[in-house]
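Since the structure comes first, as structure tokens, the remarks are kept for the end.
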């Protein structure tokens, strides 16, 4: 009899955990969309891609620099690496991180067409993605 209760309890616990997992998966996937800026700032991807391609064509190492900048930011993925007086000017990063001017230029362009819409973290992530593709096509 004791083994039946234990088995029943295990099955109930498994069903509960599976249900909670399925609920969380649904919520998590609903937060991300590849067309997030589709209506609020439709030019965002083309502006970033154009700026990154231009920067990489002027200096081939810039693609790797943008990817490295994104890597250093993504301990929090909040664009904190771009803040003056923070990680940007920290002694460990001062002479090694590059590409800030590319991100600043993109942010300036996007602020003129879509003020207050596109986050710096998104710009940094998309620029890193586009820098890898730009390096492959150079």
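Cβ atoms here come from the backbone N, Cα and C positions, even for glycine.
The Ca(2+) site in TrEMBL is built from 73, 76, 78, 80 plus one of 59, 87, namely 87.
There are 15 other Cβ atoms within 10 Å of the Cβ belonging to residue 80 (Ca(2+) binding site). Cβ proximity to the Ca(2+) site centre (mean Cβ of 73, 76, 78, 80, 87, cutoff 8 Å) flags the following additional same-chain residues: 72, 74, 75, 77, 79, 81, 82, 83, 86, 121. Neighbour list (residue 114 (disulfide bond), Cβ cut-off 8 Å, at least 6 residues apart, same chain): 37, 40, 41, 43, 44. Rounded to the nearest whole angstrom, the C-alpha distance between residue 78 (Ca(2+) binding site) and residue 72 (active site, proton acceptor) is 11.
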